[in-house]
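Notes to accompany the following structure.
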Amino acid sequence: MTPEKTKEVFQMFKGAPTRRKSENAHSHRVVLNQLQNHPPRNATQSPQRQPRTSESSMDFPRSALRRNSTDTHVFANRTHNHRDINVPACSSEEDRVSTARRNSLFVKRGSVTMEPIKKVDLEEVYTVNKQLGTGRFGFIKLAEHKQSKQRIAIKFFPRPQTKQADFVREYNYSFFLSPHQNIIDTYEGMFQSSDDTAYFFVQEFCPRASLREAVEATNQAGIGEANTKKVFAAVLSAIEFMHDENLVHRNLKAENILIFDANDYSKVKVTDFGLTRKVDTTVKYLEYVNNYHAAELCDTVVNEKLVVNKSTDIWALGIIFFYCMKGKFPWQKASIMCKPYWEWEQWLKRKNPALPKKFNPFSEKALKLFKKSLTPRFKDRWTAKDMRKCLAKEKLLKSVKVAVPYY
């Protein structure tokens, strides 16, 4: 320990209080007062950021802990008539989305703690119907609220296979990110079933289909340039919002992009934040390789430690872009053992002048997007903002010359 540090520590415990000690004492007093009294602020006072009491355990973005003037969650002018679970009783767009909620993130006091999770008898509150989908960590079922007759989606996490900390993390990321118009709405409240078999939380129901189902319905023809631009305008807006909060989705794929109107693709939302982590977080790699994984992930061994980086989302977006346009994937795995990917990498490195045939229909601007998203050098990849600018006005496919008949 340096002499200056020794002197500072001595002053903190033996001598007069230093500036650092007074600041720490003040912050502790603020936290204690909040936990003991919970006094509501005057409605005329402006919102102030509160101390991050749960940052080390939950690791949330800073803006996720902003509060409104009454220390309650701003909930988009929703009416909460349900007895146990706060789900909106009205379904109009004006009531479901408010300007205040979409422009800011707020949180109700205590919702980021590891308090005991409330038990709820699902049969008393909901009529649970068919299963909508399943994933690595849980499954989703369609349900109808008995009082309001509103359809919602319930995401279940089997308790034997789920740690409470993992469930709380996913709920909080889902809840805090849902103010964005292109991210699935998650309603307030973490619960567990009365028989202790599962944790669950409630989200809005998508009546149409996922992007995967929409593309498969085209019989490998793709959804077209116009619809692809609409989808990516929404998805890139959501991912750019997450990246601005230093959060990485880490599981972007067509199944996790929901299409609420399959006719014009006017309403698109991103879902599933089970693997979401903060930038620079260290995680263990799991044996789970899919078409969307970046090259650096495909060469990783099981349980190897990785540092979370935004560039993995950018790679996945490049794959999704190709999938929307062509109706199929460019390759099965981003490894040199996979010939289609090896050909792409050889062209990127200029070792082969011939562009892979799969990419021939794309324009120069679209090829630039691929080069800046599907490059094995993750530091050279674009940001979500760069991709959004490229897709805004540029043509994605080459112009096809129509032969003029000769008379």
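Glycine is treated like the rest: Cβ placed from N, Cα and C.
What you see is a predicted model, and the numbers here were worked out from it, not measured in a lab.
Features of the protein shown, as given by Swiss-Prot:
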- 33-68: region 'Disordered' (REGION)
- 33-57: compositional bias 'Polar residues' (COMPBIAS)
- 126-397: domain 'Protein kinase' (DOMAIN)
- Leu132, Gly133, Thr134, Gly135, Arg136, Phe137, Gly138, Phe139, Ile140, Lys155: ATP binding site (BINDING)
- Asn251: active site, proton acceptor (ACT_SITE)
Whose Cβ, among the recorded positions Thr134, Asn251, has more other Cβ atoms within 10 Å than any of the rest? Asn251
Would you mind checking how many other C-beta atoms are within 10 angstroms of the C-beta on Gly138 (ATP binding site)? 20
Neighbouring C-beta atoms (10 Å sphere around the C-beta of Leu132 (ATP binding site)): 16
For the ATP site given as Leu132, Gly133, Thr134, Gly135, Arg136, Phe137, Gly138, Phe139, Ile140, Lys155, which other residues of the same chain have their Cβ within 8 Å of the site's Cβ centre? Phe156
Within 10 angstroms of the C-beta of Ile140 (ATP binding site), the count of other C-beta atoms across all shown chains comes to 20
Near Arg136 (ATP binding site), which residues of its own chain have a C-beta under 8 A away, given they sit six or more steps off in sequence? Gly274, Tyr288
DSSP secondary structure for the residue listed as 'active site, proton acceptor', reduced to helix/strand/coil, please. coil
Could you tell me the C-alpha distance between Thr134 (ATP binding site) and the residue listed as 'active site, proton acceptor' in angstrom, no decimals? 14
